[in-house]
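Visitor: Below you will find the structure I want to go over with you.
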Amino acid sequence: MDRIAIIGGAQLNGTIPVSGAKNSAIKLMAASLLTDEPLRLTNMPRLADTRFLGKLLTRLGVQVTESDGSDGQQTLLHAPEITSGFAPYDLVRQMRASFNVLGPLVARSGQAKVSLPGGCTIGARPVDLHLQAIEALGAKIDLHEGYVYAQAPRGLKGAEIRFPFVSVGATEHAMLAAVLADGVSVIHNAACEPELVDLQECLNAMGAKVEGAGTPTVTITGVPRLHGATHAVIPDRIEMGTYAVAAAMAGGEVRLSNARPGLIDALLDKLKEAGASVEETADGCIIRRNGQRLTAVDIETAPFPGFATDLQAQFMALMTTAKGESRIRETIFENRFMHAPELMRLGADISVSGGEARVRGVDQLEGAQVMATDLRASVSLVIAGLVARGETTVSRIYHLDRGFERLEEKLGACGAQVRRIKGDGEAEL
């Protein structure tokens, strides 16, 4: 099993291109099931999660072709027909977002059998809201032996969908299912994340009639069919925020290109409050910290445009060496402080009580062997390793490979001493 080793102490100086958003790309890939014409996605990240979903889509009848073009990395998806409505456990378990093939399959072919998902083990994260949305659109849902059986032989029907609480995944799933439904669907209490706007833009380019994404109310007027399209995936705001934190942690000057700083205003405001410099550019931003120690600041996670829960672990790593005490409140997921004990192995002073962590900054972290527990926790350990004295080795980095493209290459190009150690012990520089 691969590991990543970091020798701390080097500043970061250079340019990091931000990849396309994983959380958007995987939903856009699922949209290919809705049409018999090709869907071309540009600015596509190459990640374990997109590979997993590509395998699943291939099984369902989608022809998946990756290439490099003038618009960067591209993926062409073409499903002239759905050859199977069965999404097995061995594929769906690898990534919970692959469950979102259920709605498109039912919308286009009238039936599906999809395994209940796996993925990051952060809290309960039930799929109940997804199923309620598909049922509201007229599908008959049965659960049996870990599988969801969904049928709508006469097609889906437009409906009012009211979520009791905000769910990004359920909102996306409802949008994917409703675009081919007969009539008008209205999603109330919809999530407002920018990835939903990206999904709306792609679906509309394919001929759908979706409006309101990015607001709490999304309206979808069903159409008989969708056609092919070309769509550029939005930049990954979590990757952007992660490298912004890494630059503030290690010091130096890092330019983030192909980025949209407005998507992470909540984080950038906190970086400035802590003492880092943030300068917006035509295609991104520049993060600087020139030697001065950062000051501890408090954060509380919240739905967009608030502080993203997917950046909480990274910010906790940043606060481990800040001057003073910071309080970090997690309001989105329970059990999302699993990275805290691993940061403590590096010398961090952290105490956790319920949904709040207190981080008392220390003068110096010390390198050690640590273990990634989930996707965002894994990169927080890499960030801490950038300043830890000596070598930090992070194991179980398959979590990292799910969401960060060429991380060692991007950090290494800015001066970080980071390398991948292959499962047989051989380092990959």
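We number each residue from 1, going along the chain as drawn.
Each residue, glycine too, has its Cβ placed from N, Cα and C.
Okay, these came from Swiss-Prot:
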BINDING   K22, N23  phosphoenolpyruvate binding site
BINDING   R96, R125, P126, V127, D128, L129, D310, I332  UDP-N-acetyl-alpha-D-glucosamine binding site
MOD_RES   C120  2-(S-cysteinyl)pyruvic acid O-phosphothioketal
ACT_SITE  C120  active site, proton donor
Visitor: Since the record lists K22, R96 as binding-site residues, which of them has the fewest other Cβ atoms within 10 Å of its Cβ?
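Guide: Per-residue Cβ counts within 10 Å for the binding-site residues K22, R96 bottom out at R96.
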Visitor: List every residue in the same chain as V127 (UDP-N-acetyl-alpha-D-glucosamine binding site), at least 6 positions away in sequence, whose Cβ is under 8 Å from its Cβ.
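Guide: Within the chain, V127 (UDP-N-acetyl-alpha-D-glucosamine binding site) has Cβ neighbours under 8 Å at R96, F99, L116, P117, V148.
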Visitor: Using a Cβ-Cβ cut-off under 8 angstroms and a sequence gap of six or more, which residues of the chain neighbour D310 (UDP-N-acetyl-alpha-D-glucosamine binding site)?
Guide: I238, R376
Visitor: Could you state the whole-number distance in Å separating the C-alpha atoms of N23 (phosphoenolpyruvate binding site) and L129 (UDP-N-acetyl-alpha-D-glucosamine binding site)?
Guide: 18
Visitor: Reduced to three states, what secondary structure does DSSP give L129 (UDP-N-acetyl-alpha-D-glucosamine binding site)?
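Guide: Helix, per DSSP.
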Visitor: Which three-state DSSP class does R96 (UDP-N-acetyl-alpha-D-glucosamine binding site) fall into?
Guide: helix
Visitor: Could you find out if DSSP has I332 (UDP-N-acetyl-alpha-D-glucosamine binding site) as helix, strand or coil?
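Guide: It is coil.
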Visitor: I'd like to confirm something. Which of the binding-site residues, D128, L129, I332, has a Cα closest to the Cα of K22 (phosphoenolpyruvate binding site)?
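Guide: Closest by Cα: I332.
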Visitor: With Cβ-Cβ distance below 8 Å and at least 6 positions apart along the chain, what are the contacts of I332 (UDP-N-acetyl-alpha-D-glucosamine binding site)? List them in sequence order.
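Guide: Expected: T301, A302, P303, T309.
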